[in-house]
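Novice: Sharing a structure, written as structure tokens. Questions coming.
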Amino acid sequence: MKKSTQFVWLIGIVFVVNLLWMNHSVTLWDEDEAAYAGFAIEMLNSGDWVNPEYQWSVIHRKTPFHFWSIAISYQIFGVNEFAVRMPSVLAILLTCLMVFRMGRTLVGDKNAGRAAVILATSVQLPLMGKIALTDASLLLFETVAVLSLLNFLNRPSWKWNLGLWLSIALGILVKGPPIILLVGGLWILLAIFHPKRKQLIRTHPWFFGWLAIAPFALWCYLSYLQDWALWQETGNGIPFAEWWQEEANGHKIHLLPFLWEWYVLRRIGGSVLGQSGFIGYHFVVLSIAFLTWLPFWLLTLKSTLKSFVRPSEQQLTLLLWVVMGWFFWEFMSSKLPSYSMGAQPALALLMALQIEQLEKEPANRSLVNVGLGLYALIFGLVIIGLPILGQYFVGNSALGYLLPMSFVLLVLLIRLLQKRTGINQLYQHIAIFGAAFMFLLWACVSPLVEQSAIKSFDEVIETAYELSGKNEEARLILTEFDIKQLKISLLVYAQQRFGAHEEMYLSEAIAAFQEEQPTVLVIGKKHIQEFRAAFAKAKLPFNATEVLHRSTDDQLKEHNFWVISNVAERK
């Protein structure tokens with residue numbers, strides 16, 4: 001047992017390094033992460049911690065907890081990428097820790113430790129700690145809420161009830177309904193199927209449920225009061241109910257009506273932004289999420305389906321968790337990979353139980369061998385394919401990153417296959433391979449992505465800064481962008497470097513450029529030829545610096561920027 005615990009903590013240390021590695025140097029990802037970074041900046045600048053606002057970010061507005069946590073992180077670490085991602089790092093780290101600590105009373109110390117290791121060395125969970133999305137915080141509160149409920153079912157205690165309702169309250173502030181659907185649905189299923197269902201009455205949902213909703217209700221009320229005050233100033237005699245439902249560009253302007261329509265009404269009856277999929281979509285997502293655990297994943301799926309017939313009490317609680325965290329979302333029209341993340345801790349616990357069962361009955365491992373063969377094939381192709389693809393898309397410079405990565409993975413894969421006969425040794429070597437794979441994926445692949453033309457928005461702003469003579473007081477004007485160039489990270493970096501920016505049409509931008517004030521134009525693709533002609537007509541040299549940008553939502557086609565400064569022209 002001592003060696004098992006030591007291995008858990010060893011993987012935990014590697015996991016922390018993995019979560020923190022390069023978080024300061026990887027630029028913001030569009031759209032969501034950049035929008036959330038902008039919301040937090042605006043909260044600090046405006047002092048309004050109620051309504052999240054940022055330019056070009058209307059559809060990214062949500063309940064405020066995640067933005068609050070980023071704003072607090074800014075105050076501690078400064079306004080930078082590391083601070084943006086720190087709340088997600090802590091959330092994912094705490095999720096694994098809570099599975100380890102709170103899962104022990106459900107499945108035993110060894111299995112809880114194994115489940116935490118499985119999560120820490122899977123694919124999707126570590127990635128959620130590297131990108132500042134709301135899903136990491138939501139997963140933490142979902143996990144604590146469910147584990148508190150299941151522990152309460154076995155050993156009723158005020159601490160489990162407190163953990164349940166406090167986590168629900170915070171989860172609602174993170175993302176609204178998902179935590180209610182997961183925990184509420186699980187509570188109902190437990191009340192129907194679990195032999196200890198009477199214990200659920202002692203959670204007192206009729207009382208604590210209202211308390212859990214109270215922080216969200218208070219936030220809604222404060223948002224409503226702000227809208228009411230704004231209506232009194234700008235309503236121009238329009239009835240409040242009508243004014244409150246006003247739209248711009250197809251979206252509700254005011255926060256609460258927007259949240260209700262965008263995150264509830266539209267997703268109940270359909271999807272948004274084409275975020276839909278087939279039944280079985282989340283099976284594919286979860287299979288990729290546990291790709292590094294493929295040898296045990298297939299057996300876990302088979303065992304899970306078989307145990308629906310006559311599950312043990314231990315299996316029953318985890319199966320019902322899987323039903324609400326995974327199966328429920330298969331039948332929803334709206335689909336995103338993050339929706340089924342709430343089931344991953346349950347699946348990790350089931351996988352740990354399956355590994356324990358294999359140790360007792362090692363003869364029943366035929367499906368493990370099948371999974372191991374697929375595992376070797378898939379990662380063998382990854383090891384061979386990464387350098388080839390890197391050289392094709394980036395050039396020979398990619399080999400300096402990808403050849404060492406492939407070599408390390410090859411050595412670890414060979415070692416893993418050599419240790420395949422012992423179940424515990426196989427588990428440990430899969431964990432080591434998974435940890436190394438996720439670390440190397442970020443350490444070796446992300447620098448190549450950063451150097452590519454898909455992550456050029458910070459380069460655009462740095463080019464503008466250089467051309468301004470490194471004058472942070474210079475006037476920054478964005479002009480004539482096409483729809484693929486309207487990326488939020490550009491605004492975040494502009495605000496960090498220049499403090500403010502302006503948006504103008506062609507004629508206004510050229511007039512501003514000819515004024516005495518130091519001015520930098522960032523010109524989009526939309527009317528670049530008209531700009532060249534207008535500069536020629538005004539007898540101004542068009543000495544612009546072109547910054548290459550390829551759009552990930554337009555088949556990597558070029559949507560370049562041109563940066564020109566009147567400071568350079570006057571020297």
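Placed from the backbone N, Cα and C atoms, the Cβ positions cover glycine too.
Keep in mind the model is a prediction, meaning the values are calculated, not measured.
When I checked TrEMBL for this same protein, it listed these features:
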- 7-24: transmembrane segment (TRANSMEM)
- 62-217: domain 'Glycosyltransferase RgtA/B/C/D-like' (DOMAIN)
- 82-100: transmembrane segment (TRANSMEM)
- 131-153: transmembrane segment (TRANSMEM)
- 165-193: transmembrane segment (TRANSMEM)
- 205-224: transmembrane segment (TRANSMEM)
- 279-301: transmembrane segment (TRANSMEM)
- 367-392: transmembrane segment (TRANSMEM)
- 398-417: transmembrane segment (TRANSMEM)
- 429-449: transmembrane segment (TRANSMEM)
Novice: Go through 7-24, 131-153, 165-193, 398-417, 429-449 and flag the stretch with the largest number of C-beta pairs under 8 Å relative to the transmembrane segment (367-392).
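Specialist: Maximum Cβ contact count belongs to 398-417.
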Novice: Any chance the transmembrane segment (398-417) and the transmembrane segment (279-301) are in contact, meaning at least three CB pairs closer than 8 A with a sequence separation of 6+?
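Specialist: Result for the transmembrane segment (398-417) with the transmembrane segment (279-301) is no.
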Novice: Along the domain 'Glycosyltransferase RgtA/B/C/D-like' (62-217), what average pLDDT does this model show?
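Specialist: Averaging the confidence scores along the domain 'Glycosyltransferase RgtA/B/C/D-like' (62-217) gives 97.
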